[in-house]
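Annotated domain 'IMP dehydrogenase/GMP reductase' per TrEMBL: 24-495, in sequence order. Annotation source TrEMBL lists NAD(+) binding site at ASP267, SER268, SER269, GLY317, MET318, GLY319. Look at TrEMBL and you will find GLY319, GLY321, CYS324 tagged as K(+) binding site. Residues or ranges marked as IMP binding site by TrEMBL: SER322, ASP357, GLY358, GLY359, GLY380, SER381, TYR404, ARG405, GLY406, MET407, GLY408, GLN432. Look at TrEMBL and you will find CYS324 tagged as active site, thioimidate intermediate. The active site, proton acceptor annotation in TrEMBL covers ARG420.
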Amino acid sequence: MDPTPLPFEDGFAAEKLFNQGFSYTYDDVIFLPNYIDFAADTVQLKTNLSRNLPLSVPFVASPMDTVSESAMAAAMASLGGIAIIHSNTTAAVQASLVRAAKSRRVPILHDPVFLPPSAEIASVDDFSDSPFILVTESGNPKSTLLGYVSRDDWLKTNQNDKGSRVGDYLVESPVTVPWSYDLAKIDATLNEKKANSVGLVRDDGELVDLVTREDVDRVKGYPKLLAQGSVGPDGEWIVGAAIGTREQDKERLEQLVKAGVNVVVLDSSQGNSIYQLEMIKYIKKVYPEIDVIGGNVVTSYQADSLIQAGADGLRVGMGSGSICTTQEVCAVGRGQATAVYKVSCTAYKSGIPVIADGGISNSGHIVKALSLGASTVMMGSFLAGSTEAPGAYVYQNGQRVKKYRGMGSLEAMTQGSDQRYLGDTAKLKIAQGVVGAVKDKGSVLNFIPYTLQAVRQGFQDLGANSLESAHNLLRSRELRLEVRTGAAQVEGGIHGLVSYEKKYF
Ligand SMILES: NC(=O)C1=CN([C@@H]2O[C@H](COP(=O)(O)OP(=O)(O)OC[C@H]3O[C@@H](n4cnc5c(N)ncnc54)[C@H](O)[C@@H]3O)[C@@H](O)[C@H]2O)C=CC1
Ligand SMILES: O=c1[nH]c(=O)c2[nH+]cn([C@@H]3O[C@H](COP(=O)(O)O)[C@@H](O)[C@H]3O)c2[nH]1
Ligand SMILES: [K+]
């Protein structure tokens with residue numbers, strides 16, 4: 001007699017895989033390829049960050065002081081993504097960072113110093129971090145632009161750093177254009193006026209920045225993205241900001257709203273707290289037009305609680321970040337693949353988008369996060385080595401690196417998040433993050449388009465021609481996956497070579 005044939009099952013549906021009591025990370029799981037009937041270039045990755053905030057690219061820069069300030073925000077928005085400006089500074093400074101990013105429609109931002117022609121430049125420090133000083137008649141931003149003093153020019157003739165008058169180094173460049181000019185319009189103006197640079201001017205006459213021919217040519221040299229920039233109803237870049245859940249954060253929020261912030265993220269490692277639920281309710285009552293993202297959460301229970309309170313989006317991840325020590329210190333958290341899947345299942349029922357936050361170190365992780373139900377990915381270390389991240393490059397063991405630190409590291413806590421701990425009964429600070437460094441990756445304007453293309457190729461292999469279609473494959477159990485054993489993970493990586501060079505593009 002024939003034995004009864006076993007039911008044939010090729011790979012598992014996510015539902016089965018994630019219900020066995022294991023906490024899986026992105027690297028633990030692998031997807032089985034499906035059927036391709038479309039070109040990779042046609043994969044649509046447009047998405048929603050939160051209930052009312054659409055993005056054409058599902059990438060978000062973390063609210064961390066070594067990742068997201070105004071230059072990152074302008075660049076991410078120009079790419080179709082978004083940055084969340086960190087709150088590890090005063091409310092006034094955070095609001096000015098939001099405003100600076102929203103004061104232009106190009107991914108170029110210098111944060112220049114303003115001086116009148118009669119002023120003295122005492123040392124190179126007077127340039128701050130900007131490549132030039134902007135010279136206006138009165139020396140303030142609401143005055144007629146005369147030109148600029150280039151840091152390089154000044155250094156060439158001032159090797160000894162001695163004092164000199166601004167007027168002696170002035171490169172005359174009085175052409176200005178409206179702040180809302182995009183790259184193509186600025187390019188055309190530079191050609192038409194035979195100018196080397198143009199000033200960007202707000203409607204109220206405030207000079208915002210200077211865009212040079214060199215800037216325009218640099219940005220034109222980056223790959224063309226098949227996506228639109230993130231522009232809000234105000235015609236400005238879409239920019240987010242983080243706040244905490246303390247009383248004084250209500251005042252911070254007021255300043256951020258005045259600066260035009262488009263979305264706020266309640267920045268906490270454990271979002272399911274009475275403090276956060278109350279803050280969500282407060283924001284939804286006082287600023288119903290602004291989306292509020294709650295988190296962080298890793299369970300269905302936590303997610304449900306924030307959704308009931310009115311959260312428009314959820315940020316998922318506890319201890320999965322590259323600089324995080326939360327799981328080690330507090331014994332709580334979850335493998336990120338499991339966390340994203342579980343929270344997404346709950347959020348999906350209420351139509352709330354999920355941000356997979358932390359643990360992204362390659363494009364494969366992004367494909368996994370999005371296919372397991374996330375609508376966007378939030379990245380810290382992946383972006384921290386870019387030109388647009390705050391801070392200067394330094395050399396470490398012959399490598400060009402930038403500092404990258406956890407917001408719960410002792411260093412970051414003593415810099416600004418201190419306010420968070422001032423009112424606490426427990427005054428002893430415990431770090432939940434480290435300070436480190438990441439490799440120079442160049443401009444996000446260069447490597448994000450390549451990353452996006454790699455994600456499109458992953459989606460093509462899965463037979464998903466859009467984010468929506470990937471989520472449908474997940475829910476219909478057509479998406480099949482397996483857990484990789486340790487040996488399978490080794491096999492899936494580079495192995496058996498004496499030497500190699502790893503280049504992604
Ligand atoms: N995603 C992750 O795995 C983790 C992220 N982080 C990051 O580190 C930073 C700090 O995170 P947390 O320490 O969780 O910040 P937090 O501000 O949420 O919490 C700090 C402490 O303040 C308390 N607290 C908050 N609001 C309060 C209120 N209104 N009244 C009284 N006490 C209140 C909290 O219960 C907690 O004990 C954030 O930027 C966060 O994103 C830190 C650890 C883990
Ligand atoms: O345990 C933590 N201690 C910290 O000090 C810390 N700072 C940031 N974060 C979280 O990590 C995310 C970024 O992670 P990646 O570098 O892996 O992208 C971020 O987006 C945060 O969610 C922290 N987690
Ligand atoms: K970690």
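For all residues, glycine too, the Cβ spot is worked out from N, Cα and C.
Sequence features, as recorded in TrEMBL, placed on the structure.
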{"residue": "ASP267", "record": "NAD(+) binding site", "DSSP (3 states)": "coil"}
{"residue": "GLY317", "record": "NAD(+) binding site", "DSSP (3 states)": "coil"}
{"residue": "SER322", "record": "IMP binding site", "DSSP (3 states)": "coil"}
{"residue": "GLY380", "record": "IMP binding site", "DSSP (3 states)": "coil"}
{"residue": "TYR404", "record": "IMP binding site", "DSSP (3 states)": "strand"}
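When the Cα positions of ASP267, SER268, SER269, GLY317, MET318, GLY319 are compared pair by pair, the longest gap among these NAD(+)-binding residues is 14 Å.
Using a 10 Å Cα-Cα cut-off from CYS324 (K(+) binding site), none of the binding-site residues among ASP267, SER268, GLY380, TYR404 qualify. In this structure, the binding-site residues that sit close to ligand 1, with a C-beta under 6 angstroms from any of its atoms, are SER269, CYS324, chosen from SER269, CYS324, GLY380.
Computed over the domain 'IMP dehydrogenase/GMP reductase' (24-495), the whole-number mean pLDDT of the model equals 94. Long-range neighbours of SER268 (NAD(+) binding site) (same chain, six or more residues apart, CB within less than 8 Å of its CB): GLY244, THR245, TYR275, GLN276, GLY295, ASN296. Of all the binding-site residues listed here (SER269, GLY317, MET318, GLY321), GLY321 has the Cα closest to the Cα of TYR404 (IMP binding site). Checked against ligand 2, the binding-site residues ASP267, SER268, MET318, GLY321, TYR404 give GLY321 in sequence order as having a Cβ less than 6 Å away from one of its atoms. In terms of local Cβ density within 10 Å, GLY321 ranks first among the binding-site residues GLY319, GLY321. The 6 Å Cβ screen around ligand 3 retains nothing from the binding-site residues SER268, SER269, GLY358, TYR404.
GLY358 (IMP binding site) falls within neither a helix nor a strand when secondary structure is assigned with DSSP, and so counts as coil.
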